[in-house]
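Report on the following structure.
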Amino acid sequence: MKTVRVVVVGAGVIGFSTAVCVAEALPFCSVTVLAEKFSPDTTSDGAAGILFAAQFPADVLLAKVFPAFFSSRYQIFKDVPADPKPYWSDLVIGFRLMTDRELERFPGYKFGQAFTTVKCECSSYLPWLEKRFRKAGGKVQQRKVSSLHDLSDSYDLIINCSGLGSRTLTDDPQVYPVRGQVLKVEAPWLQHFIRDGDGKTYIYPGIHGVTVGGTRQEDDWRLEVDDGDTRSILERCSRLEPSLSRARVLSKWVGLRPGRRNPRLERELVQPRGRKVPVVHNYGHGGWGVTLAWGSALDALGLVRQCLHEMPPQAKL
């Protein structure tokens, strides 16, 4: 079998996870990652990186992640949720319901869950993934991709992990921006996370500071820091953890998550200039990219295998 030229479009956590899976599992493929931005300038770099999922299929949950560490404590709710024990409760460590005494710390909240999960530091994880990818023979090229069709002359198979860029690259109106603004503060005395069940207010201690947030503003393309959002974040998080009022703000960050009703994990055949080229799509993970990255990368690998199996014999000899 001749070398199959594979390109992965996108260098965030979805793109590099997928590239690593393909490069390591299919050594006869020459895999290149193409992207306009690499770490530390990707949307993934700003992710808080706490692992647990919304209502997505459990079989695409993250299987493993490095560098990472365990993080414990609370998710709290103002009202009892419809599903007090969510489907992912078996995928975290030590899941239990909070006691009444624990809830006394959070006035106005009636219900809570305690568990231990993994926190991934993408600022370290993405370079680690790139190093692992290069070790498997992968290549990296920084350039803007304006059309997937333009890649068909140089590659035999295209994997699209372009996130929000898929709105234009694939003409997919189902992809939309979800603006997220977070702050990093200096509060080394905080060791445990607190997350409001609505997903908009959270405190995540990390290695290089504490991430506090946030916003979830749909169809909002603004990349500038909003001072009103900064004040709102600090006020909301300080209500959950009053000691944050004395924390020093280290940095402010804004990113656009690739929102979609469901992630797109499927394949299609494009035929620019008469040449059929398979495309595997893996995008639209919203704010759950770190959680779903490895599982969806393995699913994408399965789709790549299907594409290779169906390639005409002359393309593989």
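Every residue number used here counts from 1 along the chain in the order it is shown.
Cβ coordinates are placed from backbone N, Cα and C, and glycine is handled just like the others.
Per TrEMBL, the features are as follows:
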BINDING   T43, S44, V145, G286, G287, W288, G289, V290, T291  FAD binding site
BINDING   Y202, R257, G287  D-dopa binding site
DOMAIN    5-54  domain 'FAD dependent oxidoreductase'
DOMAIN    96-297  domain 'FAD dependent oxidoreductase'
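All features noted in TrEMBL, drawn onto the structure.
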{"residue": "T43", "record": "FAD binding site", "CB count, 10 Å": "23"}
{"residue": "V145", "record": "FAD binding site", "CB count, 10 Å": "18"}
{"residue": "Y202", "record": "D-dopa binding site", "CB count, 10 Å": "22"}
{"residue": "R257", "record": "D-dopa binding site", "CB count, 10 Å": "25"}
{"residue": "G287", "record": "FAD binding site", "CB count, 10 Å": "19"}
{"residue": "G289", "record": "FAD binding site", "CB count, 10 Å": "28"}
{"residue": "T291", "record": "FAD binding site", "CB count, 10 Å": "28"}
Next on the checklist: Please list the DSSP helix, strand and coil residue counts for the domain 'FAD dependent oxidoreductase' (5-54).
Outcome noted: 17 helix, 13 strand, 20 coil
Item to check | Of T43, V145, G287, G289, T291, i.e. the binding-site residues, those within 10 Å of R257 (D-dopa binding site) when Cα atoms are compared | outcome: T43, G287, G289
Next on the checklist: Measuring Cα to Cα, how far is Y202 (D-dopa binding site) from G289 (FAD binding site) in Å?
Outcome noted: 17
Checklist outcome for this item: On the domain 'FAD dependent oxidoreductase' (5-54), the mean of the pLDDT values is 94
